[in-house]
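> Below: one structure in structure tokens.
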Amino acid sequence: MMTKVLGMAPVLGPRPPQEQVGPLMVKVEEKEEKGKYLPSLEMFRQRFRQFGYHDTPGPREALSQLRVLCCEWLRPEIHTKEQILELLVLEQFLTILPQELQAWVQEHCPESAEEAVTLLEDLERELDEPGHQVSTPPNEQKPVWEKISSSGTAKESPSSVQPQPLETSHKYESWGPLYIQESGEEQAFAQDPRKVRDCRLSTQHEESADEQKASEAEGLKGDIISVIIANKPEARLERQCVNLXXEKGTKPPLQESGSKKGRESVPTKPTPGERRYICAECGKAFSNSSNLTKHRRTHTGEKPYVCTKCGKAFSHSSNLTLHYRTHLVDRPYDCKCGKAFGQSSDLLKHQRMHTEEAPYQCKDCGKAFSGKGSLIRHYRIHTGEKPYQCNECGKSFSQHAGLSSHQRLHTGEKPYKCKECGKAFNHSSNFNKHHRIHTGEKPYWCHHCGKTFCSKSNLSKHQRVHTGEGEAP
């Protein structure tokens, strides 16, 4: 009937965009009179995500229905792979947003994740402007749905919509075909679903509903501002620094910035490699908390890692792992003199005995050492440094091993026990000397004549015969 009044053909088929202004208005009004609206991508997405297994009689039917719902949402027949991928990325991006930001972004109907990011960045820039207020300024541009709902056609009820002259409906020309036939609705919707949604809003909402939405949007905007400020990188860093200061028992400094006074200062973002974890005992700084924890054990003497074989304790797990290899039978690193080692570093140190290689030299006396640790321990002879002190008697030692051995005099501990005869020792060196009685091992080799000895002291006595200092034993 309506097509006859307007002089249209009774059957409407696809036409070029410039010829579809008339049927566009007619079909929109007919749909509104019936109370039917085009489905949205969001509705199809929700139908796919909320589909339940119990809605179908069996697993095959459930899988088939899921395929149908997925195709209704992603539209693989008209969307490219890149467009489908972008829809999935957009969905996940909206999912990880805070609830307040989700609602705000969805109101703006972004068609891609990049568009959603642009919306959020624009909002952040708006919040960073000086003198920003939570309430909407008078000259602020209204949201899209507010603009449409404030038009004259939106104030009329759907039943009162009348056909408009062609010259007043040019604003719909750029939207493309919306309603052509019943079978063409989905194709028209796929071209621009957001504008169909805007058209639906423009003919459905009344003025009272618009005012209520504007009030809700105002409250939502305040929540959005709080979420954005709380989730800014500098705010997260500020919370971390506050937690770090709380561990030290200090309060972070306060500063005045603009119109906000008493607010905690926001520190700058730490640069890579910055050492923010400081030892309260000596002031040494570290780039991460785990290294600081390990360092603190040098002050407390804590040794939480204990060997289950001999009871020896270590401050680091890596040292315990290296030590535990000494109890294993497997010693894959062999020296040509017959001695075997569990670690390649120990073999290298041992081989320096044969080559007389001593790359680490003392600057004070010129004495050379095969290991860097030996040089450090030797250097304390010149400085007189004895950093390790016994808590029982106050005696100090230049080496930690000396303190550990001394403390066993107070405790009576003898952790080194011989499996052959059961004899126990409080020093590993004494245990090693004793153990060679059972094994017949002679690890100390004279590089002049090739003779071997079971102890270093016997080798020293023997070498005097080559240097002319005394007779060989």
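Cβ atoms are placed via backbone N, Cα and C, with glycine included.
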> For which of the residue intervals 61-83, 84-106, 222-244, 360-382 does Swiss-Prot record zinc finger?
360-382
> Among the residue ranges 24-46, 116-138, 277-299, I'd like the one that Swiss-Prot describes as zinc finger.
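Of 24-46, 116-138, 277-299, Swiss-Prot gives zinc finger for 277-299.
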> List the residues of the same chain that sit at least 6 positions away from Lys349 (SUMO2 cross-link) in sequence and have their Cβ under 8 Å from its Cβ, in sequence order, or write 'none'.
Ser370, Gly371
> On the 0 to 100 scale, where does the mean pLDDT of the zinc finger (277-299) fall?
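Its mean pLDDT is 84.
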